[in-house]
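Enquirer: Have a look at the structure that comes next, please.
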Ligand SMILES: NC(=O)C1=CN([C@@H]2O[C@H](COP(=O)(O)OP(=O)(O)OC[C@H]3O[C@@H](n4cnc5c(N)ncnc54)[C@H](O)[C@@H]3O)[C@@H](O)[C@H]2O)[C@@H](O)CC1
Ligand SMILES: Nc1ncnc2c1ncn2[C@@H]1O[C@H](COP(=O)(O)OP(=O)(O)O)[C@@H](O)[C@H]1O
Ligand SMILES: [K+]
């Protein structure tokens with residue numbers, strides 16, 4: 001797992017470490033790692049034109065010392081000073097190595113024009129405007145420099161994090177730098193993995209400055225393929241279909257038969273031992289047509305609970321199921337069991353109306369809302385606010401409902417009370433297609449029925465779902481049905497890496 005820590009935690013850990021080290025040692029380590037990445041990004045360091053965007057804090061200091069290193073190796077380094085102050089020792093070092101500086105702090109038009117020309121002609125741009133001391137979006141002159149760097153042809157390396165993104169949340173208020181590579185020090189920052197911040201970070205390179213032993217629990221974790229491989233249930237030699245897990249699926253309706261087919265498909269290809277499906281006669285016909293291996297039962301419209309399957313290890317309920325009174329009865333019955341339940345789509349809307357249905361549960365429960373459903377669960381919290389602060393809202397919902405929450409979207413995040421949140425690294429906008437959430441519900445349900453706890457099932461489900469989309473994609477757009485046959489390959493890819 002990649003671990004990410006909040007600014008407060010990083011500062012406390014840095015203070016403990018700095019107390020044991022000579023003055024400036026941490027910054028030298030950070031700047032050395034930064035210079036190494038910069039030199040790798042240049043065809044050759046000697047003669048390369050490097051522009052440093054330098055703010056008033058230590059983030060600017062890192063950039064100045066890395067620039068010093070490159071200048072000593074023959075690069076032509078120019079520092080654009082944007083802050084009200086500058087790291088004086090760093091600036092002196094750069095000048096000592098032959099680097100030059102120009103300030104855009106004043107009103108002088110010529111200085112700005114010069115800076116813009118330097119940025120446009122650069123081979124590499126280093127963003128040292130703001131690091132973990134940044135608050136809010138960039139203001140002038142930082143914002144203009146960020147825009148100029150984005151318009152330039154040179155790659156942008158962000159120091160610690162792209163300036164203007166919130167290190168703890170990934171929120172972006174106004175202008176921010178867009179980086180090709182981010183070199184982050186000591187530990188990852190949550191904002192590097194959660195959109196909209198993640199989308200501005202580019203490739204994230206970790207630079208070890210020795211902070212590890214000082215760091216307590218993480219705020220956020222990001223799984224890698226080997227982590228998923230270690231979590232996935234592996235059926236033993238003596239496994240039979242019951243031990244591999246039987247999943248009850250209450251998805252689809254007369255109107256939305258496809259939701260049933262996609263949810264069942266996601267579960268079957270996700271490695272479930274058996275799916276017991278229950279639904280409207282038309283949905284049953286459709287499910288059996290696509291997946292004859294399903295054990296399906298028609299629900300009696302008068303007494304839906306009579307045919308609801310028993311002998312399952314976990315439930316998925318909600319995709320395409322509708323909001324009618326029968327769905328309410330069915331949801332109450334499923335949530336009344338002591339089994340793990342994944343609640344999705346329409347069932348989430350019903351839970352938002354009666355939160356105690358979930359709050360009263362002690363059995364494992366996983367809610368899988370998109371931002372619109374999350375808005376209902378959080379009593380009308382603005383959808384845009386949820387998308388701007390995914391970690392905060394997923395964590396809040398997990399606490400309010402006392403269960404695990406997977407918030408879908410451009411960055412899928414998983415939250416559970418008392419545990420670090422998780423950001424999924426495999427997401428892709430290929431997934432933004434109708435029915436893809438149904439596949440995720442089935443796939444994640446299969447993992448629940450295989451014995452994974454909700455957090456681990458959610459993490460693995462989201463990872464495999466994104467990977468399946470990438471594997472199914474051969475250049476043309478994909479639809480939700482294409483995800484289903486790609487799931488086994490995604491599992492195979494992960495296991496090969498494990
Ligand atoms: N503390 C340490 O031991 C280490 C810190 N390092 C670097 O130090 C950085 C943190 O340095 P600082 O604490 O000095 O903070 P920053 O350099 O991130 O920024 C602080 C300055 O930016 C100004 N500022 C804040 N928000 C702004 C905005 N929206 N627009 C314009 N100006 C804004 C503040 O007024 C302050 O002057 C890290 O990100 C990392 O790059 C590294 O050298 C590693 C070691
Ligand atoms: N921009 C995006 N980038 C990555 N993944 C996305 C994006 N938009 C949506 N997704 C993913 O696509 C899936 C859509 O699910 P959902 O919103 O439930 O739609 P549906 O109900 O049509 O299946 C989720 O897994 C979600 O995380
Ligand atoms: K930065």
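Residue positions begin at 1 at the first shown residue.
Including glycine, each Cβ sits where the backbone N, Cα and C put it.
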Enquirer: TrEMBL has 408, 409, 410, 411, 412 binding AMP. Which one of 380, 437, 442, 445 is in the same site?
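Expert: Checking 380, 437, 442, 445 against TrEMBL: the AMP site match is 437.
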Enquirer: Quick check on the annotation: TrEMBL has 127, 163 binding K(+), so which of 59, 69 does it put in that site too?
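Expert: Given 127, 163 bind K(+) in TrEMBL, the matching entry from 59, 69 is 59.
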Enquirer: Where ligand 3 binds, which of the binding-site residues 59, 408, 410, 412, 437 are close by, with Cβ under 6 Å?
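Expert: Near ligand 3, sequence order: 59.
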Enquirer: Within 10 angstroms of the C-beta of residue 127 (K(+) binding site), what count of other C-beta atoms is obtained when all protein chains are considered?
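Expert: Taking every protein chain into account, the count is 32.
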Enquirer: Would you list, in sequence order, the residues of this chain other than 408, 409, 410, 411, 412, 437 that have their CB within 8 A of the centroid of the site's CB atoms, where the site is the one recorded for AMP?
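Expert: Filtered neighbour residues, in order: 370, 371, 407, 413, 424, 427, 431, 462.
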Enquirer: Excluding 59, 127, 163, please set out which residues of the same chain place their CB within 8 Å of the center of the CB atoms of the K(+) site, keeping sequence order.
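Expert: Other same-chain residues with Cβ inside the cutoff are 53, 55, 60, 63, 128, 129, 130, 131, 134, 158, 159, 160, 161, 162, 177.
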Enquirer: Could you tell me which of the binding-site residues 58, 127, 408, 409, 412 have their C-beta within a distance under 6 angstroms of some atom of ligand 2?
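Expert: The ones that qualify, in sequence order, are 408, 409, 412.
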Enquirer: 58, 59, 132, 135, 160, 411: which of these binding-site residues put a Cβ within less than 6 Å of any ligand 1 atom?
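Expert: Among 58, 59, 132, 135, 160, 411, near ligand 1: 58, 59, 132, 135, 160.
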Enquirer: Do you see any of the binding-site residues 58, 61, 132 whose C-alpha is within 10 Å of residue 409 (AMP binding site), and which ones?
Expert: none
